[in-house]
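Trainee: Features from TrEMBL:
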- Asn59, Lys60, Ala61, Asp62, Asn132, Val133, Gly134, Lys135, Ser136, Thr137, Gly176: GTP binding site (BINDING)
- 15-180: domain 'CP-type G' (DOMAIN)
Amino acid sequence: MMTIQWFPGHMAKAKREVTEKLKLIDIVFELVDARIPISSRNPLIDEIVANKPRIILLNKADMADPDITKQWVAFFEKQNVLALAIDSQTGTGVKQIVTLTKELLRPKFEKMIAKGIKKPRAMRALIIGIPNVGKSTLINRLAGKHIAKTGDIPGVTKAQQWIKVGKELELLDTPGILWPKFEDEEVGLKLATTGAIKDTILNLQDVAVYALKFLATYYPERLKERYSLVEIPEDIVALFDEIGKKRGCLASGGLIDYDKVAELVLRDIRTEKLGRLSFERP
Ligand code: GDP
């Protein structure tokens with residue numbers, strides 16, 4: 001997992017870099033996590049992207065609650081933003097990106113043809129998103145073959161490279177990386193629950209408390225089933241105790257090891273042991 005320290009200077013630099021890239025492209029593919037489509041967005045994204053055509057890609061839709069994902073697509077479309085649920089790992093929905101892009105950019109390219117340009121250039125796209133949302137996975141998927149990662153070579157200025165996606169679309173090989181909305185504690189907890197930020201950044205037990213309370217409210221049956229609970233205790237410590245006892249998360253002296261419980265629950269969530277979960281609803 002990539003860890004980026006987002007200090008104000010880094011944020012300013014990231015914004016600058018994305019703004020420069022935007023000059024080269026016709027359309028933005030904004031990648032978000034389908035399980036947390038708002039918390040996995042950059043807070044300034046609308047301002048930064050401004051009036052470029054855009055498609056919101058709800059990535060990792062394979063892990064999200066399918067009904068909620070449908071609601072999100074409708075939610076964005078109501079705001080006149082095209083949204084598409086995809087799974088970059090297996091490629092589900094990825095072909096549709098090209099189809100939608102063509103539809104969206106047709107007027108612009110028809111104008112070019114009307115002006116006498118016989119063979120318009122390829123449509124150019126940029127993928128933007130916060131770290132770990134799946135940008136590299138999607139680039140590789142769209143490219144159709146694995147692209148070697150080229151690190152920064154000191155002293156060598158790398159020109160922007162274009163990746164061909166079929167005949168009509170080109171993709172910038174380096175995505176635009178922006179930061180999430182850290183200031184909001186709940187955003188941080190959601191990013192940690194889904195594994196988008198490292199477990200060392202937030203307190204593991206805090207994250208598990210948040211996740212378990214969420215599950216108890218929105219997915220009580222799955223929580224009961226996974227940990228063989230007859231009832232879900234109201235008290236969060238009692239819930240930790242029950243799960244710990246059932247799963248043998250014990251410290252010396254037979255006490256419950258709360259860190260172990262937290263780890264287990266978060267691992268179960270991230271590996272879909274509780275099924276497909278969405279942590280944000282429109
Ligand atoms: P980046 O930092 O935005 O470039 O993110 P990566 O492409 O490195 O992906 C981060 C993690 O998410 C990796 O472990 C990927 O395998 C995983 N991932 C990416 N896309 C998907 C997806 O659609 N579904 C699932 N289940 N995992 C994904």
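Glycine is no exception: its Cβ is also placed from the backbone N, Cα and C atoms.
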Trainee: Looking only at Cβ atoms, how many others are within 10 Å of the one on Asn132 (GTP binding site)?
Mentor: 22
Trainee: Identify which of the binding-site residues Asn59, Ser136 has its Cβ surrounded by the largest number of other Cβ atoms within 10 Å, counting every protein chain shown.
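Mentor: Highest number of other Cβ atoms within 10 Å: Asn59.
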Trainee: If you count, for each of the binding-site residues Gly134, Gly176, the other Cβ atoms lying within 10 Å of its Cβ, which residue has the minimum?
Mentor: Gly134
Trainee: Mind running the binding-site residues Ala61, Asn132, Gly134, Gly176 against ligand 1 and keeping the ones whose CB falls under 6 Å of it?
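Mentor: Checking each Cβ against ligand 1, the ones under 6 Å are Asn132, Gly134.
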Trainee: If H, G and I count as helix, E and B as strand, and all else as coil, what does DSSP give for Gly176 (GTP binding site)?
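Mentor: SS state of Gly176 (GTP binding site) = strand.
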Trainee: Can you tell me the three-state DSSP label for Asn59 (GTP binding site)?
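Mentor: Assignment for Asn59 (GTP binding site) reads strand.
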Trainee: GTP site residues Asn59, Lys60, Ala61, Asp62, Asn132, Val133, Gly134, Lys135, Ser136, Thr137, Gly176: biggest Cα-Cα distance, Å?
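Mentor: Comparing all Cα pairs, the maximum is 23 Å.
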